[in-house]
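K.L.:
According to TrEMBL, the protein has these features:
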COMPBIAS  37-47  compositional bias 'Polar residues'
COMPBIAS  57-69  compositional bias 'Low complexity'
COMPBIAS  82-93  compositional bias 'Polar residues'
COMPBIAS  198-210  compositional bias 'Acidic residues'
REGION    1-210  region 'Disordered'
REPEAT    223-264  repeat 'WD'
REPEAT    324-366  repeat 'WD'
REPEAT    419-460  repeat 'WD'
């Protein structure tokens, strides 16, 4: 007879490996994204006349997917399209939503003799086709056929349609161009639709306007951890790591691949003690990053947060900045070269811009002194590279913008100098990738668009964009159709911190997105690979990095970490530290002795365990507390009332001493016994003073 274990193994092999194991409960991905969904709010610049009750703030693809779930029957959707053109309030076919329970029933005319009493089992049956004369043509196989007048007779193949329906002909004003009669893309809505009687409203039109630019706004997560406003932001080119710097002097590093839904940073740095973090910038290869703080020395870290070096500080007593080895005052901005991984750019309050070689921390490559109306030191508030790294722009403290082209033999003289470009300090500059426009942001609450071919005056000025932080920047969308910037919170404002989107071609405001009701938005970025928007916000007591994304438009990044639940703690995670007793160890390695026996020994000692006298609570007496006449008001009143009698205050000192004279003569204690034998009678010294003799 075979062994029972072998029989069991043979029977167990017939079942799958997971048989008998309890599956771990998993949260559906849809529920996870619903938890991070942003509340429905009018994010566009146009006011919404009616709330969109059908969907929250969704993207076009998400909305179409939910619509397909609501209307799985293509014929019912076709009826809805017809009803939307001819709305009838008494019609029951309103998308199959009102009063519909369970799966969709087929239309009333589809039941035949073989139907099961009007009850549908399984999926809905395909509709029956009728020709123009009303003759039943049987069940339709494939997509529905178009109407008879859908195509011209010359193009029809005996009325039969092969493949999907052709796009409808669209009237065009340009008749001389070919292909104008065929519409590419989804069909346009009919011109006579009444918004008040259909499902589309002003909110849908605003969403369509936003979705035209594919702005990922439906969901949001926040990377927390800072105790003050987040003033610096850097996302590496692959989109896997995020750096955030704050006014609390720290830099936090986040890794999307290793982060779970708790959204905690894996490393925290303090580059320069007591100095705010102002700028962070990744190298082109994303293996190192630059950290610029309020100190005069920038630092270079590797990808894991280990310090690689610190640039040298200059001599503050040398007047000519070109002769100093480094910056002599606090840094304001810095950026890595977009193409070359050995070159970085920094600007400082000492009034200079400097180019550095990251392989040599002891000296700089180039010193750039801005052009000034009067000789002196005017701080450089911000700086940036262009897309190719062939041009440098700087915002100067005299409110001017100066641009230098890197060419052989170039010096400090700017190629473009725009005086009084703003009315206050410039906080951010940004070149477009094609090198045609320059964006500038300032403390004066404006954003200006400059044409680099004509810099005498700006192309467009956007006002009322409040700015209270010196690190407020501008960013482009991946296709550069839009550019965006953040706003600061005013003292009596009710809008909060906003993220404003502008159309580059039309030069108009497209959308306003509320980020925080109480915190200002400082830095922003739109990552091209992730298609996610990063916005840093905060105030004097808190700070965080908000990430906006759309599950249907975005990739990786926030989608990876949100769906990853934190690991539950098991019994193995708790480790009890063992006690090792080694009484014969050397004194150097011996553990500290227990204090228990020493305390017990002290308690047995009457002197050491004596309870000290408690301090006097109330009026003092006998010289301990408040023995002087005017120490406390209560004591003074009691003395005046006679409740406390102090006779020594009224006695004559001579009489008080002489009353002990008889006792001292009869029972001497100190001096008299020493002279009792040699000098029984006391002999007093005679005075030599002439005054006493007289």
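Backbone N, Cα and C define each Cβ position, glycine as well.
Show me how these features fit into the shown structure, please.
P.N.:
Within the same chain, residues 32, 270-282, 284, 286, 289, 291-293, 303, 305, 469, 471, 519-520, 522-525, 527, 529-530, 532, 534, 536-545, 547, 556-558, 560-567 sit at least 6 positions outside the repeat 'WD' (223-264) and bring their C-beta atoms closer than 8 Å to a C-beta of that stretch.
Long-range contacts of the repeat 'WD' (324-366) within the same chain: residues 275, 278-279, 281-285, 287-290, 292-298, 300, 308-316, 318, 376-389, 392, 394, 397, 470, each at least 6 residues beyond the stretch ends and with a Cβ under 8 Å from a Cβ of the stretch.
Using a Cβ-Cβ cut-off under 8 Å and counting only residues 6 or more beyond its ends in the same chain, the repeat 'WD' (419-460) has close neighbours at 381-388, 391, 393-401, 403, 466-476, 480, 483, 485, 502, 504, 507.
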K.L.:
Could you count the residues of the repeat 'WD' (223-264) that DSSP puts in helix, in strand and in coil?
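P.N.:
So the repeat 'WD' (223-264) is made up of 0 helix, 21 strand, 21 coil.
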K.L.:
Using DSSP, break the repeat 'WD' (419-460) down into helix, strand and coil residues and give each count.
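P.N.:
Its residues divide into 0 helix, 19 strand, 23 coil.
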K.L.:
Can you tell me how the residues of the repeat 'WD' (324-366) break down into helix, strand and coil by DSSP?
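P.N.:
Helix/strand/coil tally for the repeat 'WD' (324-366): 0 helix, 24 strand, 19 coil.
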